[in-house]
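Now, the feature entries from Swiss-Prot:
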type: ACT_SITE; residues: Asp91; note: active site, nucleophile
type: BINDING; residues: Asp126, Ala192; note: substrate binding site
type: BINDING; residues: Cys275, Cys277, Cys280; note: Zn(2+) binding site
type: DOMAIN; residues: 504-579; note: domain 'PUA'
Amino acid sequence: MVEFKFEVKARDAAGRIGKLEVNGKKIETPAIMPVINPKQLTVTPKELKEMGFGIIITNSYIIYKTPELREKALEVGIHRLLDYDGIIEVDSGSFQLMRYGGVDVTNREIVEFQERIGVDIGTFLDIPTPPDAPREKAEEDLRITLERAKEAEEIKGIAMNAAVQGSTYPDLRTYAARKLSEMNFEIHPIGAVVPLMESYRYRDLVDVVIASKQGLRSDRPVHLFGAGHPMIFALAVAMGIDLFDSASYALYAKDDRYLTPEGTKHLSELEYFPCSCPVCSRYTPRELREMPKEERTRLLALHNLWVIREELNRVKQAIKEGELWRLVDERARSHPKLYAAYKRLLEYQDYLEKNEPITKASAFFKVSEESLKWPIVQRAKARAERVKAKFPETINHPIFGEIPKYLSLSYPFAQSEGEEDFTIEKPGKREVRNYVMAVAEYQFGEGTREAFKDAFVELSRKTGMPRQIKAKGKHLATFRAEDGLLTLGIEGAKRLHEILPFPRMRVVVDEDAEPFARKGKNVFAKFVIDADENIRPYDEVLIVNRNDELLATGQTLLNGRELKLFQSGLAVKVRRGVEK
C-alpha cells in the first residue's frame with residue numbers, strides 16, 4: 001500500500017509551503033533533491049542528510065544497467081546501497097532517452113525494478129519530447145507516455161511520478177496534465193525543460209509550467225525536472241512548483257563554477273566570496289584555486305549546496321511573510337531573460353488570482369512598475385470598482401488611484417508604501433458604519449453590506465479606528481487592526497448565510513465533521529465535500545452541512561478548488577461554531 005500525504009501549511013502567490021510524507025518520512029516543501037550518481041559521489045548521501053537535505057534523487061536506470069550496483073540494490077535495498085535514510089526518488093532513464101536517444105529497458109521492467117529495490121518515489125519510463133519538436137512527434141510521444149502511465153498505474157505498489165510532457169505546445173501540456181490527473185499518481189514532474197533552462201528560455205519555461213499547472217490537480221506536488229539553479233527558485237515557486245532537483249551543484253563544481261542566487265561565477269573571476277557558508281567562511285577564492293582539483297571540486301560542490309539550501313529557505317521565509325512577489329521581482333533583475341519570464345508570468349492573471357491570498361502579513365510595497373501588475377493589486381482595483389458603485393465617495397490613492405473612501409483603512413490600500421505617502425483619516429462616528437459596509441462588500445461580495453446596515457461600530461479608545469461591530473446586543477464581526485478586513489462572529493455569519501445564496505462563501509463538510517465544527521473545532525480537508533469555487537486563500541468562510549445549515553465560520557487556507565480536492569491537512573481554521 002502506498003503511504004503518501006501532501007498538505008499545505010502556508011502560501012503566497014501560487015507558491016506554497018507544504019508537508020510531504022512518504023513511507024513515514026517527512027520533508028517540508030519547496031524542497032530540492034540533490035542528484036546522486038551512484039558511480040561517482042562528490043558529496044555522499046549521508047553528508048547531504050546532515051546538511052539538511054531530506055530527499056535525494058538517483059537514476060534507477062544506471063543502477064539497473066550496472067551489474068554490481070543492481071545486485072547490491074536487489075540484495076540490501078537502495079537505502080542501504082546509498083547509506084541514506086531519507087526519502088529516495090528515482091528517475092527511470094527518461095533523461096538518458098532524451099540525451100542519447102535510447103534505453104535498454106521496458107517501462108514495466110523499470111517500474112517493477114524500482115519497487116523491488118525499495119525506492120520511496122518511482123518514475124515510469126515517459127518519453128521526454130524536447131522543445132520545438134514537430135507537432136506530430138510531440139503528439140506521438142505523448143500518446144506513448146500516456147499508455148505507459150496507464151501500465152504503471154496498474155502495476156505500481158509505490159508512490160510514483162507521472163511526468164507532464166508535450167514539448168513547447170501549451171495545449172498538449174494541459175491535455176497531458178489533465179489525463180494524468182485522472183490517474184492514480186502522487187507527484188507530477190514537468191519534464192523535458194532542461195534544454196529551455198540551458199538556453200535561458202525562461203519565458204518559454206513559464207508558458208510550459210503554467211500550461212501544465214492549469215491542467216494538474218492542485219492537491220499533488222509538482223516537480224520541475226532538472227531545475228536546480230537558485231536564481232530560478234523564486235520564480236518557479238511563485239508559479240506553483242514544489243520540488244526541484246539539482247545535479248548542477250556537482251557538475252558546476254567540476255568546471256570551477258560557483259553558484260549564487262543571482263547567477264553563476266567562475267572561480268577565476270572571484271577575489272572575494274559573497275557568501276558566508278562554511279566553505280566560503282574558511283577559504284578565500286585564491287586558496288581554493290591553489291588546491292588539488294578533486295579537493296577544490298568537492299568544496300565548490302558543498303558551497304553550491306549551501307547556497308541552494310539558503311535560497312530555498314529565503315523563498316520559504318518570503319512565503320511566510322507574504323513577500324514572495326517582492327523576491328521574484330528582485331531575482332528577475334539578475335538576468336534579462338529572467339526578467340522577461342517574470343513579465344510573462346504576470347500575464348497569467350486568471351491563474352495567479354485564484355491562488356493569491358486575500359490578505360498578507362506584510363504591506364504592499366510598490367517596488368517597480370511590474371509590482372502594479374501583481375494579482376493582489378489587480379484584484380484590489382477590480383473589487384474597489386465594484387464597491388464604488390455602491391459607495392461613490394472617493395479619495396485619491398497614490399498607488400491605486402481613485403478608490404472608495406470607505407476602503408481607505410483596509411488591505412492593501414492602507415497597508416501600502418510607494419514614493420508618496422498616503423494619509424489615513426480616522427473615521428467619524430457618523431460614517432464609521434459605512435466603512436464596515438464597504439469592507440463587507442469588498443471582502444464578501446455584492447450585497448453583503450446589507451448584513452451590517454444596522455450595525456453599531458465601537459471605535460478603539462487608543463487609535464480611534466473601528467474595532468467591534470455589534471447589532472441588537474450581539475457581536476457581528478471584528479474590524480481587524482492588522483489589515484482592516486472583517487473577522488466574522490457567529491451572528492455576522494448567520495446574517496451572511498441568510499443573504500447569500502448557496503454556494504457563496506460556503507465550505508460544505510460531511511456528517512463526521514459536523515459536530516466538531518458546531519463546537520468550534522477546526523475543519524480538516526478530508527471532511528470537505530464541496531466549496532464555493534470563488535473562495536480564495538485566507539478568505540473568511542461559512543461552514544455548512546449538506547443541508548446548508550450553518551455550523552461555523554472561519555478562515556480557509558485553501559482556495560475553492562483545492563478545498564474539494566485535498567485529503568490531508570487543515571482546510572479551515574474555525575473561529576466560531578454555532579454552539580461555541
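Note: Cβ is positioned from N, Cα and C throughout, glycine not excepted.
In this model, the domain 'PUA' (504-579) carries an average pLDDT of 98. Helix, strand and coil counts from DSSP across the domain 'PUA' (504-579) read 14 helix, 30 strand, 32 coil. Recorded residues the residue listed as 'active site, nucleophile' and Cys280 (Zn(2+) binding site) have their alpha carbons 32 Å apart, per Cα-Cα distance. The residues near the Zn(2+) site, meaning same-chain residues not in Cys275, Cys277, Cys280 whose C-beta sits within 8 angstroms of the mean position of the site's C-beta atoms, are Phe273, Pro274, Ser276, Pro278, Val279, Ser281, His303, Trp306, Val307, in sequence order.
By a simple count of nearby Cβ atoms, those within 10 Å, the most crowded of the recorded positions Asp91, Asp126 is Asp126. Sequence-distant contacts of Cys280 (Zn(2+) binding site), defined as residues of its own chain at least six apart whose C-beta falls under 8 angstroms from its C-beta, comprise Phe273, His303. Across the structure, Cys275 (Zn(2+) binding site) and Ala192 (substrate binding site) place their CA atoms 32 angstrom apart. Secondary structure at the residue listed as 'active site, nucleophile', taken from DSSP and collapsed to helix, strand or coil, is strand.
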